[in-house]
Amino acid sequence: MTSLLVEATPPLAEALTPSFAQSESARLSKAEIRRSLRASTLDGSFSSVFENIVKGVLISNFLLELGAGAFEVGLLTSIPMLAHLLQPLGAYFSEKVNSRHAYCLWIFGFARLLWLIPAVGIFMFSRGALTAQMLTFVTMAVLSVSNILEAIGCASWMSWMAVLVPGKLRGRYFSLRRSLSSLTALLTIPIGGWLVSGWMGGELEGYALVLIVAVLLGLASLGFQFYMSDINPQAVNQAAAAKEASQAAIDVASGKSVSEKGASGQFLEQEKSSKTKAETKAGAKLGIWQDRNFLMLLLFLGVWTFSVNLSAPFFNFYLLDRLQLDVQWVTVYSSLRYGGFFLAIMLWGRLADRIGNRPVMIINCVLAASIPFMWSYVDAGVVSVWLALPMLHLLQGGTFAALELCLANIQLELAPVRQQSAYFAIAAAVMGVTGALGTTAGGYLAELSAVGLPALFALTAVIRLLSITPLAFVKEARAQSIRQIIDQRWQRLPQLWQPARIKA
């Protein structure tokens, strides 16, 4: 269950959060909201341990120990991406139930229990009851089923959080939640790597032990959801429909007076200032496929996800297989990436409040595009191991903190309340398809002797830069243009040179 990251100041809350979501949060008492947010924070921290054990560098090292190659490592990323295709189906099912909590509990609980199967399989492999190929197949099967279940539950969880968290608290809360999850991951990965590499029974049995602990902590995270206020999606949809009908009646009744006011300069000025905001809310009245703003966002998501996953599965593979670095070094680098994420998330959250999500995303897309270029020049030398690779992972963590923060938040802003689950599911499905295509294409290109990983990294950088084009056409109610940002900073420069005034 991913975190939705944004920080909103009160003047921006209306633009950031759908008004109905605010009204639903307002129905809960302050004590209920406070208890729900604390429970969700603990949920995120405990689930972070589970996710980083079953989806990070440790499982890549586990498969490499079984004799897997670039193709199998690529499947670690492509399978979760393909599973996202089922998110629209999950969104449909989630709107038919009467409890967000019960739906998420059963879906995510079963998805996490499945990971006990490969843990048992590792001990069977150590005693000769399973071959390496059989254990690899079992692990891939569990990975597939688990990610399918998570995809079916993801849209419901996002809709649940969108209603639970008040708009004026969304930024501070989600930034804090995700930063604590990153801090947990920062500690989890090196500790897990140390247990795996130092276990007396070997690295495989060490990973089995770590996997069992991760499943237990993953189940414990679901226990905190019992302290979160439940939401009935049926009641939410009915209330939203009634509000839309009431608003439509008001609009019809006031249509005549609005046309009479059109000649006044004051009304024209107000109409002009609210034009962008009206455009971002147009999706509530249009179908999903008629919402041009959302379609441009989908285009960006598709190209960007393809470019990221074209090379993302192979960075750790490059370190472990090509550079022959020890797994402890790779886990340290992964921890540095989470450290960069943790340090940067609050900064990007505050900046997004001031200038909007879209400009922050554009800036960080450019920074993220430079990272694969730099990877082409690293090797197993002292300078790379002690300086270049740590700096690259810190930069990657900082840039992707902004992208995860703003990307999740801009989806919340553009999606109308009644169709939130459908919007989230379609966006995830697009990312799933393009991400799977990216990992598949990356695995094929990485195996070609004429291409290789350095050329693949360079291709990734070029496509990441191209993905910025559709993002420039996405309209956000409170976003500033890059030119406006530069002009504002330029106007403030002379203030730095003014002498301080001292009162006599």
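Just so you know, glycine gets a Cβ as well, placed from its N, Cα and C.
In TrEMBL, annotation is done automatically, which means it is predicted and not curated.
Among the features that TrEMBL reports, domain 'Major facilitator superfamily (MFS) profile' is placed at 293-504. In the predicted model, residues of the domain 'Major facilitator superfamily (MFS) profile' (293-504) average a pLDDT of 81.
Residues annotated as transmembrane segment in TrEMBL: 103-125 (among others).
Under the heading transmembrane segment, TrEMBL lists 137-160 (among others).
Using a Cβ-Cβ cut-off under 8 Å and counting only residues 6 or more beyond its ends in the same chain, the transmembrane segment (180-200) has close neighbours at 3, 41, 44-49, 52-53, 56-58, 61, 206-207, 209-210, 326-328, 330-332, 334-335, 338-339, 341-342, 345, 397, 401. The transmembrane segment annotation in TrEMBL covers 180-200 (among others).
Residues or ranges marked as transmembrane segment in TrEMBL: 206-227 (among others).
The transmembrane segment annotation in TrEMBL covers 294-315 (among others).
The feature transmembrane segment is assigned by TrEMBL to 327-348 (among others).
Residues or ranges marked as transmembrane segment by TrEMBL: 360-378 (among others).
Summarising the annotation, TrEMBL assigns transmembrane segment to 384-410 (among others).
Summarising the annotation, TrEMBL assigns transmembrane segment to 422-445 (among others).
What TrEMBL records for 451-474 (among others) is transmembrane segment. Non-local neighbours of the transmembrane segment (451-474) in the same chain are 293, 296-297, 299-300, 303-304, 306-308, 310-311, 314, 318, 322, 358, 361-362, 365-366, 368-373, 375-376, 410, 442, 445; each lies 6+ residues outside the stretch with a CB under 8 Å from one of its CB atoms.
Taking pairs at least six residues apart, the transmembrane segment (422-445) and the transmembrane segment (206-227) share fewer than three Cβ pairs below 8 Å and do not count as touching. Proximity of distant same-chain residues to the transmembrane segment (206-227), defined by a Cβ-Cβ separation under 8 Å and at least 6 residues beyond the stretch ends, is recorded for 35-36, 38-40, 42-47, 49-51, 53-54, 58-59, 61-62, 101, 104-105, 108-109, 112-113, 115-116, 118-120, 122-123, 192, 195-199. Long-range contacts of the transmembrane segment (384-410) within the same chain: residues 2-6, 16, 170, 174-175, 178, 182, 297, 301, 319, 325, 329, 333-334, 336-345, 348-349, 352, 357-358, 360-361, 363-365, 367-368, 371, 374-375, 377-378, 474, 476, each at least 6 residues beyond the stretch ends and with a Cβ under 8 Å from a Cβ of the stretch.
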